[in-house]
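Colleague: Okay, so TrEMBL annotates it like this:
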- Asp423: active site, 4-aspartylphosphate intermediate (ACT_SITE)
- Asp423, Lys424, Thr425, Glu557, Phe603, Lys626, Arg660, Thr741, Gly742, Asp743, Arg838, Lys844, Asn867, Asp868: ATP binding site (BINDING)
- Asp423, Thr425, Asp864, Asp868: Mg(2+) binding site (BINDING)
- 41-108: domain 'P-type ATPase N-terminal' (DOMAIN)
- 890-1140: domain 'P-type ATPase C-terminal' (DOMAIN)
- 302-324: transmembrane segment (TRANSMEM)
- 355-377: transmembrane segment (TRANSMEM)
- 925-942: transmembrane segment (TRANSMEM)
- 954-974: transmembrane segment (TRANSMEM)
- 1004-1027: transmembrane segment (TRANSMEM)
- 1039-1060: transmembrane segment (TRANSMEM)
- 1072-1091: transmembrane segment (TRANSMEM)
- 1111-1130: transmembrane segment (TRANSMEM)
Amino acid sequence: MAKGKIRAKIKRSQLYTFAFGKKSAQAGPHPIEGPGCSRVVHCNQPHMHRKKPLQYRSNYISTTKYTFLTFLPKSLHEQFHRVANLYFLAAAILSLTPLSPFSAVSMIAPLAFVVGLSMAKEGMEDWKRFMQDMNVNSRKVKFHKEEGIFDDKQWQQVEVGDVVRVEKDNFFPADLLLLSSSYEDGICYVETMNLDGETNLKVKRAMDVTLSLDEDEVYKNFTGMIKCEDPNPSLYTFVGNLEYDRQTYALEPGQILLRDSKLRNTSYVYGVVIFTGFDSKVMQNSTKSPSKRSRIEKKMDYIIYVLFSLLLVVSLISSLAFALKIKFHMPDWWYMRPDDAEDFYNPRKPLVSGLSHLVTALILYGYLIPISLYVSIEVVKVLQASFINQDILMYDDDTGIPAQARTSNLNEELGQVDTILSDKTGTLTCNQMDFLKCSIAGTAYGVRVSEVERAAAQQMTTDLEQEGRKPSSSIKKGKQDIELETVVTSKDEKVHKPPIKFFSFEDDRMMEGNWRNESNADTIMLFCRILAVCHTAIPELNEETGTYTYEAESPDEGAFLVAAREFGFEFYKRTQSSVFVRERYLASGPTEREYKILNLLEFTSKRKRMTVIVRDEDGQIILMCKGADSIIFDRLAKKGKMYLEDTTQHLNKYGEAGLRTLALAYRKLEESEYSAWNNEFMKAKTSIGSDRYTMLEKAAEMMEKDLILVGATAVEDKLQKGVPHCIDKLAQAGLKLWVLTGDKMETAINIGFACSLLREGMKQICITTLESDSKEAIKENILMQITNGSQMIKLEKDPYAAFALIIDGKTLAYALEEDIKFLFLGLAVDCASVICCRVSPKQKALVTRLVKEGTGRVTLGIGDGANDVGMIQEADIGVGISGVEGMQAVMASDFSVSQFRFLERLLVVHGHWCYKRIAQMVCYFFYKNIAFGLTLFYFEAFTGFSGQSVYDDLYMILFNVVLTSMPVISLGVFEQDVSSDVCLEFPTLYQQGPRNLFFDWYRILGWMGNGLYSSVVIFFLNVIIFYDQAFRAEGQTTDMAILGTIMFTCIICAVNFQISLIMTHYTWIQHVLIWLSILTWFLFLYVYGMLSPIYSKNVFLILTEALAPAPVYWTTTLLVTIACTLPYIAHISLQRCFHPMDHHIIQEIKYLKKDEKDQVMWKREKTKAREKTKIGFTARVDAYIRNLRAKLQKKTQSKPEYPS
């Protein structure tokens, strides 16, 4: 607590130049009137908003698809969107009429079971979303109850007008107006990573008039009125006035604390609630949870249309033939009593007879459409989802969080993804920088290698081994020129001391004070002092370890301060006007030095640099500056360029190695020069008006010149574990990756380099907005940039050339307009990688929609914050990262993983498997139902289209539900064309999904044709064999019951034998289910036949007395089964021999164990089995190797040849 009070005395607002300027009352309040600015908030009087016209929304939020009231109607609507369910509903209604060939129960019960099971599954999944919503709604916050007393209240109970107290590291429950904070001047630090993806802390400041409201008791009599804008999705704007103490004050965005952002580095803040629940800006950026259906499921509807058309055709043929029979043959059938026939069989009314028979036929041939298809798929998808949930290789040991399929409707869609749209912060990065290398006075320090360098060395060694050359001699040749020895002989191989967070630097020349022995020791000391002084961080002592940690606005600053500490310059204290550094390795011994802060010009995305002006203990005024190398180099004095050439070479090398770089410079100032400049600077800082920022920038430019270069830093952006490898595998699998981030362009570009979406040599197409007041001029300029970019790509001749598109949110707003967006999309699709910076949550959703609708391909959105919800919901598949920064993204997602790296296994393994399983399962379903249903039609043709079924009613009920259901479910759950390891080793296999090789019309119609062939074989072979000859020793011929039972036996054996041929991965479960299904049929037939004739009717003792003793029954079953499967066997044999697919080749290699016998061949096949890509770690290493080889070749060619 004491520490909080000491820190609270620091008036942090005085440090900032560009972030703040005191708002003078003379500027006046905002004009709040007209549409869009009608909200009135009575501060500390929430009861005023509980009745009209101020009846605002509650703070309760919901991401569920249903409510208790809407579940039944909405879920029924969802179920009967399915064409098959709609048909069976009509058939169930018609089964209540005398025209039905089956009983009503046999039609209604299966439909009720199928629909009920699907609704129960949807309800369970939505219930999980509801429970996660309740976890958020039940969070607690302190609110002003009465008489200066603050008490706990759940988030969902927070009301507009409530005064709340939020404490450090807690989220804001609603959009608040900041009243005061634990700092004297009302400063607070806010992390908005959930909103805009930015990792650096934002500084917010309360108005001067409310700074005194910093204790609970003072709110006893506090009242005020806020008049402001209506709820809107703009995160960066706010217009409003506060009427307080008979004065009106203008409110600015810098005083607003948004819901789901987090309080950092500040003990507490007080705020009044302005927007709650769905009125808050973050929720305004979200969209309703959509109903998503996979492409296979949508295509199934079209297949159902085809089957329904087939059903209609055969029903019309049957009805027409029946009407003709009734009209022309019925009068001759005296035993049918034609003179006293019902309307259904009246020769004088053949039209009525035909229409009534049409209804009968539509129900009778309904088995062409598989009613159990949907429920089987639901069961399979739930089991697939459980396998995803239980996959131990997607379980994060650090957090204890497994992967979770929050909906199972989209399992197969995971295998068809074409484009991934990813957030950056918290998704790709873990917001940690490691200090790795530095260049000081033209000398490079740091011998540890980056991931890019290490991979390049390993790849070159592998390539040389495959070429049959010794890597040592080849790599060492000319290595002094290309400095490859640090790659090959890195100290990474040695035993290290315990790692230091944010510090991976290793070089004995700099450690333990050894830098004092360097020839440039004075410059090194100045370098370290710049690191230790030029920042805005706050030190915090860890009492357990005795070391300091740093609360920095950006992770770079934290890494620099740790590096300075390890080099012997420890920043340990900050006051209002000074920074204190403990310098350990000076010649005079350890010394504590004070640097008085005179001015601080903070970093902005436009300035790309940060400057601090300090006075040291000797009275010398020093300007210290760090920033982007291009910015610093342009501001160097002539005498300050001594190390420019060497430093530039080092920076280029660091960039190639994937490191983030900054240049450091300084300048000593005379007292008179500083005083004159400071007068001008203070005038600009205290000015009021729209040109204040311009004046400040001009003043800064006057001072930040004639600098002397000291050196440069290189930090490695710590991505989340496995991110580069995951992106590399996804790229090899042929997926495209777009990064949509709220971060500034420079940060996003650096992350692009870190995760290998960008690399050295990649041509960047940066589309920016022209500074103009004319919207038409801006649009025309953007259109020209897009056109030029597209033309550049078309004219490129280099096959290795790669392009990256980079665009910011302001420009993107124009690029997404109707007349430009498809040109923008065309350019983006032609680029290897796309990075969109400074985008709002709504823009993320719009870009996702553009890609989804413009390309027609499957999109996947992945993110971890509330700002990603719109993108996640808009994408075909939404994946949430269940990290530490809230659960909004997870609650809105279809799947969740704890880290981005698990996306590789989710897609490349589970996605690939689920797609092929569902595709093969659906095709097989249509095959077996056509094979079964058409036999009914053929029998009708043989029996005068009488509407009589050849099969017993119970046979037909059991066909889909029992006798053929379990093997097809096992196919959908357990089938693996290749193992998970092979999926990861051969990522190109994934492209079978996006190319839809297993569910295109060619394959679907092929399976339908196979079903047609099987139905012909089953029916006509049986009729030919049993039509006019005895089948038993006693001379009996077959009747309808015996023929129907024999045909049904052939169907059961044929379709189960067919599915055994489809399967390529057998476990004991598949064997048991296939053989058990066949055995169940014979057991059922035996038990059913043993029942009383009252129940068994025509099949009484049919197996024991009629079929089992007859050898022809068994031989016919065997003959028909073999005949039915011959075409598939021939097709798959020819395909594997002459046109094998990728997985066929791998299956053969695995079966023959060639992967164990011939490792070189196996490695070569793995290298070939990846899609050509220009992004990812492998592509980057390939480019790095090409550069190294070019240098080696140039070196070899430049050597003089001596005569022998």
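Counting begins at 1 with the first residue displayed.
Placed from the backbone N, Cα and C atoms, the Cβ positions cover glycine too.
I'd like to know what surrounds each of these features in this structure.
Modeller: In this view, Phe603 (ATP binding site) is surrounded by 23 other Cβ atoms within 10 Å of its Cβ, with every protein chain counted.
For the domain 'P-type ATPase C-terminal' (890-1140), the model's pLDDT averages out at 89.
Proximity of distant same-chain residues to the transmembrane segment (302-324), defined by a Cβ-Cβ separation under 8 Å and at least 6 residues beyond the stretch ends, is recorded for 82-84, 87, 350-351, 353-355, 357-358, 361-362, 365-366, 368-369, 922, 926, 929-930, 934, 937, 940-941, 944-947, 1004, 1008.
Outside the transmembrane segment (355-377) by six or more residues, the chain places 82, 84-85, 87-88, 91, 94-95, 97, 99-102, 107, 110-111, 113-114, 117-118, 297, 300, 304, 307-308, 310-312, 314-316, 318-319, 322-323, 343-344, 918, 921-922, 925-926, 928-930, 932-934, 936-937, 940, 945, 947, 949, 956, 959-961, 965, 968-969, 972 with a CB less than 8 A from a CB of the stretch.
Outside the transmembrane segment (925-942), and at least 6 residues removed from its termini, the chain residues within Cβ reach (under 8 Å) are 303, 307, 314, 318, 321, 361, 364-370, 372-373, 376, 948-951, 959-960, 964, 968, 1004, 1007-1008, 1010-1012, 1014-1016, 1018-1020, 1023, 1047, 1051, 1054-1055, 1058, 1124.
Non-local neighbours of the transmembrane segment (954-974) in the same chain are 102, 106, 110, 367, 370-372, 376-377, 379-380, 383-384, 387, 917-918, 920-921, 924-925, 928-929, 932, 1044-1045, 1048, 1051-1052, 1055-1056, 1059-1060, 1062-1063, 1065, 1067, 1069-1070, 1073-1074, 1076-1077, 1080-1081, 1084, 1088; each lies 6+ residues outside the stretch with a CB under 8 Å from one of its CB atoms.
Counting only same-chain residues 6+ beyond the ends of the transmembrane segment (1004-1027), those with a CB under 8 A from a CB of the stretch are 303, 306, 923-924, 926-935, 938-939, 942, 1037-1038, 1042-1043, 1046-1047, 1050-1051, 1054-1055, 1058, 1112, 1116, 1119-1120, 1123-1124, 1127-1128.
Sequence-distant contacts of the transmembrane segment (1111-1130) (same chain, six or more residues past either end, CB-CB distance under 8 Å): 931, 1010, 1013-1014, 1017-1018, 1021-1022, 1025-1026, 1031, 1046, 1049-1050, 1053-1054, 1057-1058, 1061.
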Colleague: What is the three-state DSSP composition of the domain 'P-type ATPase N-terminal' (41-108), stated as helix, strand and coil residue counts?
Modeller: 30 helix, 3 strand, 35 coil
Colleague: Which bits of the chain, at least 6 residues beyond where the transmembrane segment (1039-1060) starts or stops, bring a Cβ under 8 A of a Cβ in it?
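Modeller: Residues 924, 927-928, 931-932, 935, 948-952, 955, 959, 963-964, 967-968, 971, 1014, 1018-1019, 1022-1023, 1026, 1031, 1070, 1074, 1077-1078, 1081, 1085, 1098-1099, 1102-1103, 1106-1107, 1113, 1116-1117, 1120-1121, 1124-1125, 1128 contact the transmembrane segment (1039-1060) from elsewhere in the chain.
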Colleague: When the Cα of Arg660 (ATP binding site) is compared with the Cα of each of the recorded positions Asp423, Asp864, Asp868, which one is closest?
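Modeller: Looking at Cα distances from Arg660 (ATP binding site), the smallest one goes to Asp423.
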Colleague: At the level of the C-alpha atoms, what whole-angstrom distance separates Asn867 (ATP binding site) and Asp423 (active site, 4-aspartylphosphate intermediate)?
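Modeller: Computed Cα spacing between Asn867 (ATP binding site) and Asp423 (active site, 4-aspartylphosphate intermediate) is 9 Å.
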Colleague: For Arg838 (ATP binding site), list the number of other Cβ atoms lying within 10 Å of its Cβ atom.
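Modeller: Around the Cβ of Arg838 (ATP binding site), 22 other Cβ atoms lie within 10 Å.
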Colleague: Could you round the CA separation between Asp868 (Mg(2+) binding site) and Gly742 (ATP binding site) to a whole angstrom and send it over?
Modeller: 10
Colleague: Just the number: how many Å between the Cα atoms of Gly742 (ATP binding site) and Asp864 (Mg(2+) binding site)?
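Modeller: Spelling it out, the Cα of Gly742 (ATP binding site) and the Cα of Asp864 (Mg(2+) binding site) are 13 Å apart.
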Colleague: Nearest to Asp423 (active site, 4-aspartylphosphate intermediate) by Cα, among Phe603, Arg838, Asp864 (binding-site residues)?
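Modeller: Spatially nearest to Asp423 (active site, 4-aspartylphosphate intermediate) by Cα position is Asp864.
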Colleague: Looking at the recorded positions Asp423, Asp864, which sits with the largest number of other Cβ atoms within 10 Å of its Cβ?
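Modeller: Max Cβ neighbours within 10 Å, all protein chains included: Asp864.
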Colleague: Distance between Phe603 (ATP binding site) and Asp864 (Mg(2+) binding site) at the Cα atoms, whole Å?
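Modeller: Distance (Cα to Cα, whole Å): 27 Å.
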